[in-house]
Amino acid sequence: MQPLPPRWLDKLATRICAPHLREELLGDLHERYALRHRRTGARKANFFFLREVAALVRPSIMKRKPSPYGSPSAFSRDMLRNYFKIGSRVLLKNSSYSLIHLTGLSIGLWACMMVATVVIDSLSYDRQWSRKDDIYRIVSVNKMGGDLVERHTSSPANLAPELQKIYAEVESWSSVDSYDIHFKIRPEDADGIETSMLTVDTMANKVLGIKLLAGSLERTTQSRWSLLVTRSYAAKIFPGQDPVGKIIHDIPTFSSKPTPYEITGLIEDLPYNSHLRADVIRLKRTEVGPLVSNGMIFFGRNYLLLKSGTDVAAFTRKVNAWYARFMKNDKNQFEFQPLKDIYLHSDFAEGQSVRASIRTIYTFAGVALLLLFIACVNFVNLSTAKAFARVKEAGVRKVLSGSRTQLVMQLLTETLLLFSISVGIAVFVYFFTLQPVENFLGHRLVLTFTSNTMMAGAALLMFFLTALLTGLYPAWVISGFKPADTLRGIFTASLGQTGLRKTLVVAQFSISIIVLLATIVVWQQFDLMKNKKLGYDKNNLIGIEQIAWNGKGGAFKNELQRIPGVVRSSLSTWMPGESAGYMQREVDDPAHAGRRLRVWYVAGDVDLPAILRLKLVKGRSFSDRFADALNSDSLQNESFEKLEKAQMNQNSLMTASAAKMLRIKQLDVQTKNAHSVPVGIVGDFHNESLYEPLKPTFILAQKAPEYASMLIRIQPGTEMQVGTGVRKLWKQFFPEKLLRIHNIEEKLNKQYEAESKLHQLFLFFSGLTMFLSALGIFGLVVQAAEQRAKEVGIRKVLGASVAGIVGLISKDFVKLVMVAIVIASPLAWYALQKWLESYPYRTTIHWWVFVVTGVAALAVTVGTVSFQAIRAATADPVRSLRNE
Amino acid sequence: MRRSDLGEFEEIVLLAVAALAPAAYSVSIAEELENETGQPVSTGAVHAALQRLEQKGYLSSYLGEATQERGGRRKRLFTVTAYGGKILHEARTVRNSLWNRITPAELSKMGLDFSNS
């Protein structure tokens, strides 16, 4: 018998070898195989044959001879023009499909662009400074016992110069403070121009690399503040004039007279996308004192400029080891936060107004990517479903000698056309929605796709790649059928590929359901924080922000009483939501020896507890009848020790939790732990936002404190009236000073802006994802109804009811959504539980949330599906059956 | 002279065609070369060399008869053209003249003393 080589190798050889060489070459291979087989046996012959096949891989053997009857290249100019012509005709002919595609894709692309803008913008913060890689903010880390640490952006004022003295790595340092100030340029600006100001010492120039345009970067006057103004701010306050040398005044809050500022320099605008965003820079003298380990330590925000290439981790260890030796304990440590991390990684930095949370950015990006995914899934799903109609066309094209490449190109062109129209729409909408999005975010976006050509180019490239990836799969499927089968109407199982389509639909709906669940839970959490009882009455309360009263606080308070609508008012050093108290103390924990507890102190005049409507649990509240109030301002002026001593004997109120923690049973006796004489116990109240746990608090009374804010309790509905009255009174008392007046409830709600925004965002996205999913399923139902038109016709002829047919068509989709609900619910539960963990007061995720979401998803599905299903079911069966 | 046109392997294949004429085709040449050199020689390599030589005009070919071992496929038989013969001759002349110029003393140094053998 003739020995034959292994079949698969033979097949492989045939594949490799060009057709015109096959006869001679394969003949040769077989002949040699037979020779070998005879000589050395089957095994060696097989091995040799393998080598022979491998040796065939060379260009001269593999290169195919071009066919003399070839179709034009799939990439020739004529063909390219043809793709566009046919493509646009197909899109126009199936206009309803095209519309579904366009809507879905436009929304997906728009959302993606928007979010990409936000993400890129957030990542661009603080990348413009010339020494951006070498600047670090000093962060104090206080060990609170156990694993608890507290981070502050402030550090001892004299630490940075000391570090520069000791360590060669420190090139320079600067203290930088930022706050808002109101400048009065013209007499008619009543409230002045709100200006964000940096206060820096003269070293800042070295660290930040400020570009001077005119004037000087040094302090030129000793009697006044020196001010550097940015170019755009100068154009705003002195249009067309040289600002250098001019003197402007602020509207004071603490001092009694306006402070003069001399403009000494004009500088280039500071980058907007920086946490040191500012209009003007105030220069202060560089003051260096000795670093001390005990007594009064002043704190400030300090930045270090390290030499390029410094190993920061090693430097941090070195500094902390040194500081622990210096302080003789290791409770206070430092970290050096790179400048580039400050914007996104500063959740602990309470005073920093320009910051964002990396968590929000991740959520934002994640949801947008999911949205784009849903849009692309829609596209793939609809296109493969539509393949049913396209295979016949593909068959005819193939019979007329169209190559597969041409077919793929044809279908890809359609995809690209759809994508480019969608991109056009998306960019158009994007351009006009930038403004609302900026309003929503509360700050400008510096880098956008319409302003930065680099970004625009990258985006277009990304879209092109996405289009290719999404278009390739349907194109491949459609062009892969054998023309003989498709033209005869035989469809192989692969056309069904319902497996993939089903999976995609389930994924799509799972995402929609997760986003919907998140929307509900975020809203619940927001609602909980907004409406939780705080322990004091936040309604009908107006607050005037802290100023120095110049001794006229008491008189102002008396005058205020005359304004109709004012119930009562109080000078207070504490305002709801601003801080936990003006002072905190660490006291011994009576329950655990050696452990320390922290208590907070809130101070105001004797009316404070009444104004807040705190609930009295035990004892009595403050009253003018007793000597409750202490004249702390004058005592403090005398000496700090005297004040401390007086406070030990001062009457105080304490909250229930403070009484419980400190185990204070007896009132009206001096208690060492309380540092005062408690006379009453009031119900707990939340000093700060609900991000913070409840704080044990003492309330002290002071006689008309000088540095204080004012709380005014008003009658319901008289806010406007009281507001105008207060303004009028203010003009009489403090014509020079800035009045900042708030409704306390609004102010408190502003604290939860992050949750409110997150909720709005989820609400928006959940609407979109649901809409897109419904759109996708709608397309699929249309397709299914078309495909099953004949089946439906026969069923109707045989007596099926409309309801039965609607059920038949809807059943498949409802099943898919059920699966999606089952998959999505636990995932969402887990993720949301994780999210809620960071809140001390959190809502519980009730079972009904899942039921509601599930029912909503099902309702949307049934609504979309039955719309089309009823149309199919009520169609005249004669029409569908007469066809052919 | 266009000696650079003729690679070493090509020269050997060309010689083998001349030696095996008129029954020179890939299999016979590959087998012959294997016998001569002791190294395995793949059909593909020989075929590629034959193709190149034919393109250069040193060889001409025609399809021969089919055999059963070849699965009923015909073989392509090669003969050296006059031009090919000229090239071979030139190559040989160059070699011979160089060989002849090597002095016996040099040969013995290389360990190639022919006088004693």
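Including glycine, each Cβ sits where the backbone N, Cα and C put it.
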Of A:416-434, A:815-833, the range TrEMBL labels transmembrane segment: A:416-434
Remote residues contacting the transmembrane segment (A:361-380) - C-beta distance under 8 A, at least 6 residues beyond either end: 100-101, 104-105, 107-109, 111-112, 114-116, 118-119, 122, 344, 415, 418, 466, 470, 473-474, 504-505, 507-508, 511-512, 515, 758, 761-762, 765, 768-769, 772-773, 775-776, 779
Predicted model, mean pLDDT over the domain 'ABC3 transporter permease C-terminal' (A:764-877): 87
Secondary structure content, the domain 'ABC3 transporter permease C-terminal' (A:367-481) (per DSSP, counts of residues): 98 helix, 0 strand, 17 coil
Positions whose Cβ lies under 8 angstroms from the transmembrane segment (A:761-781), at least six residues beyond its ends: 97, 100, 103-104, 107-108, 111, 363-364, 367-368, 370-371, 374-375, 377-378, 381-382, 385, 501, 505, 508-509, 511-512, 515-516, 518-519, 522-523, 809, 813, 857, 860-861, 863-865, 867-869
Distant-in-sequence neighbours of the transmembrane segment (A:504-523), which means Cβ under 8 A and at least six residues beyond its ends: 367, 370, 373-374, 377-378, 380-381, 755, 758-759, 762-763, 765-766, 769-770, 772-773, 776-777, 780, 813, 816-817, 819-821, 823-825, 827-829, 831-832, 835-836, 843, 845, 849-850, 852-854, 856-857, 861
